[in-house]
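Peer 1: Have a look at the structure that comes next, please.
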Amino acid sequence: MNKIGPSLMCADLGHLAENIKEMDEAGVDFYHLDVMDGLFVPNFTLGPDFIRTVRKLTDKPLDTHLMIKQPERFIDLFADCGSDMISIHAEATDNLQGALARIKNAGLKAGVAINPATPLDVLDYVYDVTDYVVVMTVNPGFAGQKFIPAVYDKIARLHEIIIRNKFNIEIEVDGNIGASTIPTCKENGATMYVCGTSAVFKKEGTLRENVERTRNLLDAHATVNAAPSEKRKSAGIYG
């Protein structure tokens, strides 16, 4: 199943309750909450109090993306404030395996986020404690950045690893996810889509209309049913 997760850093925070109600009714699958510390990325965004507020407004899963240095320091805090899933950056910690295990021990789904330039081999020893991988399709820190096409190959290679080893791991894509990028992301194995200003929060249309358009787009582009390596060739991706 393909899952739509609106990025709440793009929401109208002055009308948050109304926004969430409209998106809930439109059938979104989860909400994505970016937490930035001004150090790991040059920006500040949402915090635990915001997540507590969102938790009161919806029963949908909350996917908390920690873009902070040494995220293991705050896993318990963000677990306790209502998160259902927490992803941490491989680049931000010296103990990735231990931090992921701590998330899982808290009863949450554990995710690893990797920046566009980060190789997949950082995941080699943590697949057993990983529920989903967040493939950043832009350099993190700000909304509205340009999608990096080379990341399509990374999605395809990760999907091939997951299929070959029969891992129960989902691939989430984050960064300029919209009509021009969703079809190829899906063809290469993505199943979770963080949707910001390029999709759900576009100025054109209501939130409900934009969720429905995104769902229709996902439904219209079936995943290629070829073996992963053949899929990459059919998409013009090699290596």
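Along the chain as shown, the residues are counted starting at 1.
Every residue gets a Cβ built from N, Cα and C, even glycine.
Remember, predicted model here, so these are calculated numbers, not experimental data.
Below are the features I grabbed from TrEMBL:
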ACT_SITE  Asp34  active site, proton acceptor
ACT_SITE  Asp174  active site, proton donor
BINDING   Ser7, His65, Gly141, Phe142, Ala143, Gly144  substrate binding site
BINDING   His32, Asp34, His65, Asp174  divalent metal cation binding site
Peer 1: What other residues of this chain sit with their CB within 8 A of the center of the CB atoms of His32, Asp34, His65, Asp174, the recorded divalent metal cation site?
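Peer 2: Those within range, site residues removed, are Gly5, Ser7, Met9, Leu33, Asp63, Met67, Ser87, Ala113, Val134, Val194.
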Peer 1: Nearest to Asp34 (active site, proton acceptor) by Cα distance: which of the recorded positions Ser7, His65, Asp174 is it?
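Peer 2: For Asp34 (active site, proton acceptor), the closest Cα among Ser7, His65, Asp174 is found at His65.
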Peer 1: Can you tell me the CA-to-CA distance separating His65 (substrate binding site) and His32 (divalent metal cation binding site), as a whole number of Å?
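Peer 2: Distance between the two Cα atoms comes out at 7 Å.
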Peer 1: Would you mind checking how many other C-beta atoms are within 10 angstroms of the C-beta on the residue listed as 'active site, proton donor'?
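Peer 2: Excluding its own Cβ, the number within 10 Å is 25.
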Peer 1: How many whole Å apart are the CA atoms of His32 (divalent metal cation binding site) and Ser7 (substrate binding site)?
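Peer 2: One finds 5 Å between the Cα atoms of these residues.
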Peer 1: Looking at the binding-site residues His32, His65, which one has the fewest other Cβ atoms within 10 Å of its own Cβ?
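Peer 2: Candidates: the binding-site residues His32, His65. Fewest Cβ atoms within 10 Å: His32.
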Peer 1: Round to a whole number and give the Cα-to-Cα distance in Å for the pair Asp174 (active site, proton donor) and Ser7 (substrate binding site).
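Peer 2: Rounded to the nearest whole number, the Cα-Cα distance is 9 Å.
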